[in-house]
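S.K.: Taken from TrEMBL, the feature repeat 'PPR' covers 9-43, 44-78, 79-113.
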Amino acid sequence: MCSHGHHPNIITFSILLDGLCKEGDLDKALTIFKVMENSQLKPNCVVYNILIDGLCKVGRLNDAKKLFYKLFEKGLQPNVYTYSTIIIGLCKKGLLDEAHQVFREMEGGCLPNDCCYNVIIQGFLRHKDVPRASQLINEMVDKGFSVDATTIELIINLSLNDDLILRKLQI
Ligand SMILES: *[C@@H]1O[C@H](CO)[C@@H](O)[C@H](O)[C@H]1NC(C)=O
């Protein structure tokens, strides 16, 4: 592109990074991210989201967390998608306390939507943390949100081994 006099913009970079992340080539994606940081073309929220998602999907949670906290340092505001992504990554690694903390921090600027509620509830259900799942289900329902199909499936799956699950969930 450059040799033909075209200069890549933030959208071309995002497409490139998305492709690299989908191929699992996170090292190359991070190298390009660094190049962007040192150029005029500063990474925006979309770029961060692509990389955080890619890093979580390959299990590189520490790198994903570093980028997540860097967003704040750079004065960028993560959106609900960024939060859901990092919460899914944390839950997958069993870091439920940290996931819960990140979820609670959302109340200071980017309110959780129904998707955020569902992903964190699913994390708690997958790790059989019924009290916290119960609390969040009731909280989301109070806010007018609904549990999604995956959350219901997880509750059904739990109920196959535990007749009292619905009573424990208090729903
Ligand atoms: C529920 O259990 C079935 C059978 O073990 C499994 O295939 C399915 O993936 C489980 N659902 C979820 C959402 O984990």
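Glycine is no exception: its Cβ is also placed from the backbone N, Cα and C atoms.
TrEMBL does not curate its annotations; it predicts them automatically.
Tell me what's around each of these sites.
M.R.: Confidence across the repeat 'PPR' (9-43), taken as the mean pLDDT and rounded to a whole number, stands at 94.
Across the repeat 'PPR' (44-78), DSSP classifies residues as 26 helix, 0 strand, 9 coil.
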